[in-house]
Amino acid sequence: MEPATATAAAAPPVPALKDELDIVIPTIRNLDFLEMWRPFFQPYHLIIVQDGDPTRTIKVPEGFDYELYNRNDINRILGPKASCISFKDSACRCFGYMVSKKKYIYTIDDDCFVAKDPAGKPINALEQHIKNLLSASTPFFFNTLYDPFREGADFVRGYPFSLREGVPTAVSHGLWLNIPDYDAPTQLVKPLERNTRYVDAVLTIPKGTLFPMCGMNLAFDRELIGPAMYFGLMGDGQPIGRYDDMWAGWCTKVICDHLGLGVKTGLPYIFHSKASNPFVNLKKEYKGIFWQEEIIPFFQQAVLPKDCTTVQKCYIELAKQVKEKLSKVDPYFDKLADAMVTWIEAWDELNSSGATAPNGKA
């Protein structure tokens with residue numbers, strides 16, 4: 001009989017948060033890119049949100065545990081409230097956040113491949129996101145060695161001991177090598193620019209500071225901040241696109257600041273393989289480029305009442321303020337504010353204690 005230690009040593013390690021994390025992928029194409037991610041993603045459950053033609057068959061490589069939703073499924077599950085989920089835009093991914101039953105979410109775009117660190121080793125982006133989410137954030141006082149909870153780092157001299165415990169991390173925002181996440185005007189003037197700079201750092205975004213959130217390499221604690229991760233009304237039938245993740249990021253950061261939660265950015269990197277067409281992007285973005293000059297000051301000045309003690313209450317309050325203050329910018333924001341409320345109503349319906357899963361199982 002083999003000693004128990006020998007048997008244990010031979011057993012492969014259980015991937016971190018294997019039963020507590022879903023990977024959400026929006027797509028319009030076959031998911032061949034998953035082959036590259038197989039060593040890292042295969043143990044986890046995938047939620048695939050198919051955009052575009054719902055009659056088209058999306059092929060997923062064998063061996064992955066997944067569920068796939070198309071527009072018909074979204075309409076069936078949400079009924080009239082399906083109007084809050086964008087169509088023909090990567091914002092459709094937030095439906096996956098809503099139907100997940102896991103504590104954590106990692107979302108990635110289908111043109112993102114495994115990056116390599118400066119030593120040439122493949123980067124397990126999901127593993128680093130998990131490390132970020134499971135360690136505390138420090139939004140109230142900046143540590144000049146960046147994340148003090150990383151191995152080999154600590155709080156520097158002069159950092160208040162009363163703040164060293166940190167706060168729960170709600171969001172882990174990863175970065176990209178190769179194709180940077182630029183807007184269309186920057187793409188047009190820098191068509192050949194590629195990001196080759198790997199910065200080995202993670203930092204907490206300070207309280208009161210907004211940031212441009214990119215949804216292509218993003219993880220978050222669904223239980224802490226999920227209802228705020230609404231990617232807005234974008235794409236088909238809307239006057240704007242490519243601001244879906246930005247909108248979610250601004251709303252999320254205001255709510256995290258109010259509730260005392262943290263947002264980290266930096267590692268991990270993925271390899272962003274394909275630059276989208278800057279002329280197509282400009283058509284989607286051009287109103288947002290004007291509008292953001294009023295949207296950002298709105299979020300910078302937004303104050304949530306003390307009785308907003310849950311993410312849902314905070315989000316409904318933000319929707320109210322959007323309607324009051326941004327509708328003058330464009331009638332679109334009136335419609336967006338209504339969709340924000342619909343989103344929360346749909347979220348609560350699918351995530352109440354007695355709710356059944358979309359497949360009909362409790």
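Using the three backbone atoms N, Cα and C, a Cβ is placed for every residue, glycine included.
Per TrEMBL, N-linked glycosylation site is recorded for Arg157. Around Arg157 (N-linked glycosylation site), taking its Cβ as the centre, 5 other Cβ atoms fall within 10 Å, counting all chains.
Under the heading site 'Required for activity', TrEMBL lists Arg157 (among others).
Counted within 10 Å of its Cβ, the other Cβ atoms near Arg164 (site 'Required for activity') come to 15, all protein chains included. If you look up TrEMBL, you'll see Arg164 (among others) marked as site 'Required for activity'.
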